[in-house]
Amino acid sequence: MSRSHTQTQSWDLAVRPTPLHARTAQFNRTNQWTQELGWTLPSVYDHLEAEHAALRNACALSDLNGLVTYQLSGREVSEYLNRLAGGCGGDVGVGKCRRVAISDDEGGLIADGVVIRSDQSGWLLTLPVRCLDWLITSAHGFDCYVQDVSETTSTFALDGPSSCAALLAAGMGGIEALRPGAVRALTVGTAKVTVARISATGGLGYEVRCDTDDAVFVFDRVRLGAELFRPVFAGQHARHLAQLEAGHPRANHDFESALTASLDDRRSAFEVGLGALLDFSGGHFTGKHALMRQREKGAQRAIVGVEVDGELQPDGRLISTPTGIVGKVTSHAWSPSCKKQIGLADLRADILGSAADISLQGQAGQKIPVKIAPRPFYTCPNARRTPPEAQ
């Protein structure tokens, strides 16, 4: 029997500061800002190149309050998450977290997110899209209560090769034993904190969560305690570049969430490259039958990694072959780590195994060769080491 969901949430259309805005504004020398899901976030604090270099070679602090955080409670949270998220969303042990894919009934990908289980009854689901109505509707028949706690939970990240040592210097003892996907509950002063070893940047990284009222205190504790390691503030541009290097497609950027996409623009987890997040061996999950049909027949589209030849700048995003347009670039940037132009592209699946020449149009009208490349483009050497600094 499902628990009632009486909570309603009305969102002010105004873009609001995050719980960490007092610090992010203090150190944002460029005064460049963006917004994600109604929250104000720094685009670039100082220099994009320096912020990216810190993510790859030192450590960088980032405000992650642009994600939505849902709290799940009840006796059947695990069963609910298995039904909601690809048949394996609830297969998360205490002190663990895992990446999941949430699909609609037709197999369209709503978003990929992270399930975090800090203790026996503490479940969180973080997503890059708002979908409370969908989550509540999906909970019908389960003893599971879904609540949006984005207003009362604050999250920041510390990423980079020295991030573990920096957190240890800040007094967060024991995190050196965390394996990738592990979670640890700590107390910082009087604040209750959860540290998860997970990162979307393709390297070593940790997400730190606490109550909104404690956000600035915990953030300052890490920032000042790790001063020996000189953590750099990294804005959204640097994080998105690192995510691109890691080959992570972003919802409502590289693909449109199925909740808002037109029929032609809907993409499945297979088409986005997240088929590994689905488990067909167990019971039913939302979208399973549609995804099984697609697995048998083959996907129509595919989001793939691409490398753009040379240093020529493309003019537009359309990718073509001698016979016509076959897709578009969804993300594109010069990668300091790979020393080449990389991107993600949404292409017709039938050309992936062919020898067709694909290209972008250059700013001077010339054709710029494009090569399909495996993802990720870049992986940090110590991303999966435990302890992280072990050689």
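Cβ coordinates come from backbone N, Cα and C, glycine included.
Within the model, the domain 'GCVT N-terminal' (32-260) carries an average pLDDT of 96. According to TrEMBL, the feature domain 'GCVT N-terminal' maps to 32-260.
The substrate binding site feature in TrEMBL is assigned to Glu207. Around Glu207 (substrate binding site), the C-beta neighbours below 8 angstroms that are at least 6 residues distant in the chain are Leu64, Thr155, Phe156, Ala157, Val195, Ala196, Ile198, Ser199.
The domain 'Aminomethyltransferase C-terminal' annotation in TrEMBL covers 301-378.
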